[in-house]
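Among the features that TrEMBL reports, domain 'Acyl-coenzyme A oxidase N-terminal' is placed at 19-134. Taken from TrEMBL, the feature domain 'Acyl-CoA oxidase/dehydrogenase middle' covers 136-249. The annotation FAD binding site is assigned in TrEMBL to T140, G179. Residues or ranges marked as domain 'Acyl-CoA oxidase C-alpha1' in TrEMBL: 280-440. For E425, the entry in TrEMBL reads active site, proton acceptor. The feature domain 'Acyl-CoA oxidase C-terminal' is assigned by TrEMBL to 480-658.
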Amino acid sequence: MESGGVDHLAGERSKAQFDVDEMKIVWAGSRHDFELSDRISRLVASDPAFRKDNRVMLSRKELFKNTLRKAAYAWKRIIELRLTEEEATKLRFYVDEAAFTDLHWGMFVPAIKGQGTDEQQQKWLPLAHRMQIIGCYAQTELGHGSNVQGLETTATFDPQADEFVIHSPTLTSSKWWPGGLGKVSTHAVVYARLITDGQEQGVHGFIVQLRSLDDHMPLPGITIGDIGMKFGNGAYNTMDNGVMRFDNVRIPRDQMLMRVLQVTREGKCVESNVPRQLIYGTMVYVRQTIVADASRALSRAVCIATRYSAVRRQFGAQNGLETQVIDYKTQQSRLFPLIASAYAFRFVGEWLKWLYTDVTQRLQANDFSTLPEAHACTAGLKSLTTSVTADAIEECRKLCGGHGYLCSSGLPELFAVYVPACTYEGDNVVLLLQVARFLMKTVAQLPSGKKPVGTTAYLGRVEHLMQYRCGVQNAEDWLNPSVVLEVFEARAARMCVNRAQKLGSFPNPEEGFAELSAFLAEAAVAHCQLIVVSKFIEKLQQDIPGGEGVKQQLRNLCNIYALNLINRHLGDFLSTGAISAKQASLANDQLRSLFSQVRPNAIALVDAFNYTDHYLGSILGCYDGNVYPKLYDEAWKDPLNDSVVPDGYQEYIRPMLKQQLRNARL
């Protein structure tokens, strides 16, 4: 989508066996979402103020100031164009630059909505929505991240002054990492240990003003700064991740977020009639957005690698033309499962949006029955999708050969800006262990007759799944979705039961959990992969626009996703007896056949993502495939090429060449 002139990939596009425009709607989720994304992405791409092709060459200070300019300009355009909240969110997404606004809209505002009383929301949200205050989410500390209950910052209630005293008692209690904190945020939701009448009351959120709204200086008792450069050129260095310490900073009592727990004027803690579980609704929302972001980042990398694989020719010259790299089976076996994964993550992300709505409605009706399962499900899918996506972006870089290592390929910066997703909002291994704990509890409750719900419903058929024998007899049998689904259920159920049995042999369950944690995490992965496969299959059972052509391509991708997982985790499937070695071989045969079926549709499948060249930010992935002239022109833009003879020649290179180093100023 974009670039003028000759379309060097037109031949590839003409091979498509489906309606690409209809697939664009399937990818977007609806015609409304497609039209919205298309309009906003073109708006951003056509505005030179949002240029980003020089980002990796800027110094940190230049980079950060440029990000501030873009964020301010984006807000100006949002106001001028009277964009809706949905349109404004899309605009910030397509600007494609990590900024303080991400945390303001993505964490600060939802925290107040989810944890603030009606009065607090009425006071703070209008200010935040007009950006008269800029907020961040200050939870993580230098010494504690995943273990939220281990946070050291304290909020001690002073009943005489009717205030909380926010304090950082140790170096490790310094807030560390919050985006937007370092240089921009005027306010924060600060998480601290609530202390009333000498008693600890757990970790709670407090709205704290950090900087003056007149001169932006930190308020008395608050020390703030940026934590320094992070991995990669450009990338997440546009964000001012911060460090902050409090020295007995006082805030009014009504700035504690009190939707669930209230502290009275006398210092008494009173639980409100709002259930504590409501807070988990926000967590489900945040993790759902992370899964959606995973599909976008993965699809972006895959789009670049697929287009370049079709442009690049190497070896095997016939009729004067070398073979397209995309025609090599080694390339297909690495690339096509990633295309399938991008679609799979997109569809499971859609389902998570539904789950969030469902959980929210249930919570409001005081129905908490599905909450533990929803919490485990979103934790596991956050872990699975972000880990796979981070690895896949790097794999796409390798699929592009040496040129993938150039910043102008877009892949190094995409990798650098994405990998933090593996640790923020829950370390991925820690999240898998939370899922494993939930699965072990579910298995332990089966004898009591408690019926598993939602994504764990298959464990209610554990007796059948333990006896299950896969009936695949030829390669085509693997195209039956019910066969694929039951194989994944059998593998996950048997791994869960196996881990539960091993856990039961330990006198102390917690010691057993610690000892078996690596094996338990494997069971959690199997469970999460089953969820993704099942949601892809469910998507195929829905009414999909575009007719049989679109549906057939989605079937192919679903089968590639599932059969590739079987191939990659063959040890699990064989050791649990879910399939036989012969059936595994047949799965590989079918997988190779599917690669051949996807091959003529590969370019069209990534075109369906509908990304502009601006958003992709990659010469290798440009829409028209005119890669080599653009790479050549881009090279000359590097600041090193501003002069023919480099700075430093006279001081260092010439003395070496002339054997005069002892006289040189080194």
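The backbone N, Cα and C atoms fix where each Cβ goes, glycine too.
The 10 Å shell around the Cβ of E425 (active site, proton acceptor) contains 18 further Cβ atoms across the protein chains shown. Pairs of Cβ atoms less than 8 Å apart link the domain 'Acyl-CoA oxidase C-alpha1' (280-440) most often to 480-658, out of 19-134, 136-249, 480-658.
Looking at T140, G179, the binding-site residues in this record, the fewest other C-beta atoms within 10 angstroms of the C-beta turn up around T140. Rounded to the nearest whole angstrom, the C-alpha distance between G179 (FAD binding site) and E425 (active site, proton acceptor) is 12. Here the C-alpha separation of T140 (FAD binding site) and the residue listed as 'active site, proton acceptor' works out to 10 Å.
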